[in-house]
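What follows is a short report on a single structure.
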Amino acid sequence: MTEQRPLLEVTDLVKHYAVRGGVLRRQVGTVHAVDGVSFALGAGETLGLVGESGCGKSTVARTVLRLVEPTSGAIKLDGEDIAPLSKTALRPYRRSMQIVFQDPFASLNPRMTAGDIVGEPLTVHGIATGAKKQERVAELFQQVGLRPDQMKNFPHQFSGGQRQRICIARALSLGPRLIVCDEPVSALDVSIQAQVINLLIDLQRKQNFSYLFIAHDLAVVAHISHRVAVMYLGRIVEIADKHELFANPRHPYTQALLASVPIADPKAKRTAPLIDGDVPSPINPPSGCAFHTRCPYAIDRCKTERPMLQAAGTAHQVACWLNDGTGRSE
Amino acid sequence: MATINFDSELRRAGANATGGWGRLAFLAQRHVLGTVGLIIMLLFVLTAIFADLISRYDPLTVDSAHRLAPPSMLHWFGTDSFGRDVWSRIIHGARISLAVGIGSTTLGATLGVIVGLASGYLSGWVDLVFQRVTDILQSLPLLVLALVMTAALGPSLPNVILAIAIPLIPTVARVIRANTLALREQPFVEAAKSIGMSEMRIALRHVLPNTIAPLIVLATAQLGSTILTEASLSFLGLGIPEPYPSWGRMLSESAAEYVRTAPWLVIFPGIAISLAVFGTNLFGDALRDILDPRQRG
């Protein structure tokens, strides 16, 4: 979007989990949850992050917020690397980045009123107390389309969509510059999904923060994102401008992913072959390109050398040996 | 998860009333046994509070002219070998039982919550140390442990409370720890972290309040067994010292010698103990059903 310094710049982010076994709890393997992910996110921009379950989308989200400690890599927020910071040193940065979770039922403390939940960040960061806090919370409630008189209600008295609005209000309370949305609508009814998505878009227009938007529903991602990154087995395989990605997918995995979206027309023909098999285990990911075990176009090089993201047209990067702009099999 | 949605639980069960009394009436109707338990417990508490008004004689006054008198209009439950009125002694014994029951349950639960919360939330070596100590404590039966402790500390009311409270800690700590471990993974705790709250605040404001329901259930269930443990300790001569009336001691004094000649000395304290334990257990069961429907079984 912008040529100036991006708001968030993630470089070579890695998160490995140790698999321990046996009596002595020795490490018997490593889960490569996130395996060298890099991307940048400009101010006011929305980056959609898509991929199958277990591909590491949520781990990326949590690692960026340092809710999960990264194994290695840099997370630059406004040019400042927050990855090596201690918990105390990190606190001021927490104001700039917030998260909205998938499950609106589990992400609100059932023992606190909605008003207390939304107002708590203000107390914690010493921003407002007493009447001033109440005023700000009421304002936040209105911003997300809730009535201020609902502040004294408990989470269970709200519907799923309303709960997600409370989560959004909580995320907004500190005036963040980045909001990570970890599948914020996948637990909601389709009609409610649209409302929440539109609310998110609307809020972004007014307050100009950035979204890292994680989802597995391509239609939702297409609607909200400016750019889209496709993940497979802990790696970004393709990242491009939204229109470019949907019109001209270059990675075979992206092609298959887009082709798997059901089309509401029984006569429509599939344009790309569906892929067979399951996602390989992230404990021992395949050598070379992680996708070569399922790729219909795989060549020998794919099995040995890992392809890196490289430019393929304007605002388009792909990690595939065949798709450096020429290899797409017609 | 340990999130209890009380209002909707009630509504789903068919309660129309939203007012306090209406709800109470509805619950009482559904849990008849629990209500009986509650009534027994209330009677027990009232007896302890108003012991001086209800008892007809001083429980400690010795009357050698009326030793071992059978139940009569004068002495409802008869008199013991010192001529003390059994009815009055049982009424006053309720105070001791209640003091020990509530005192040791509260103390044990409080310490257990601290240990459990620290263990579950901090994990790592804190958890390891606490859990191994808990294992050791749990490998001994409640009574044996309490016995050893009173023997070491000497019999007195505070010592008995302490001796019964300490063996309770592991049970409470285990439940709280398990709950804390589960709650720690909840998104609302993650949200609290992303807001930048201190670990202490998260533990106290977000984890602890959500462990209260299982804690209440556990504490009520333990109340009965603490009363029973006190009675057993006193029976074995390590509980409340003479001459204070403890139900357990009343039983032990009379059991061997007078069980055939003056059975009222055994029957009435026995009934008192059974009734108190029965009442708290019934109430505890009902409370578990109401607060924690998933444990039903």
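Placed from the backbone N, Cα and C atoms, the Cβ positions cover glycine too.
TrEMBL lists B:31-51, B:98-122, B:142-169, B:207-228, B:262-284 with the feature transmembrane segment. According to TrEMBL, the domain 'ABC transmembrane type-1' annotation covers B:94-284.
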Query: Do the transmembrane segment (B:207-228) and the transmembrane segment (B:31-51) come together with 3 or more C-beta pairs under 8 Å, pairs six or more apart in sequence?
result: no
- prompt: In terms of Cβ proximity under 8 Å, which residues at least six beyond the ends of the transmembrane segment (B:142-169) contact it?
  reply: 96, 99-100, 103-105, 107-109, 111-112, 115, 134, 222, 225-226, 229-230, 232-233, 236-241, 244
Message: Please report, as numbers and ranges, the same-chain residues at least 6 past the borders of the transmembrane segment (B:31-51) whose CB is under 8 Å from any CB of it.
response: 91-92, 94-95, 97-99, 275-276, 278-287, 289-290
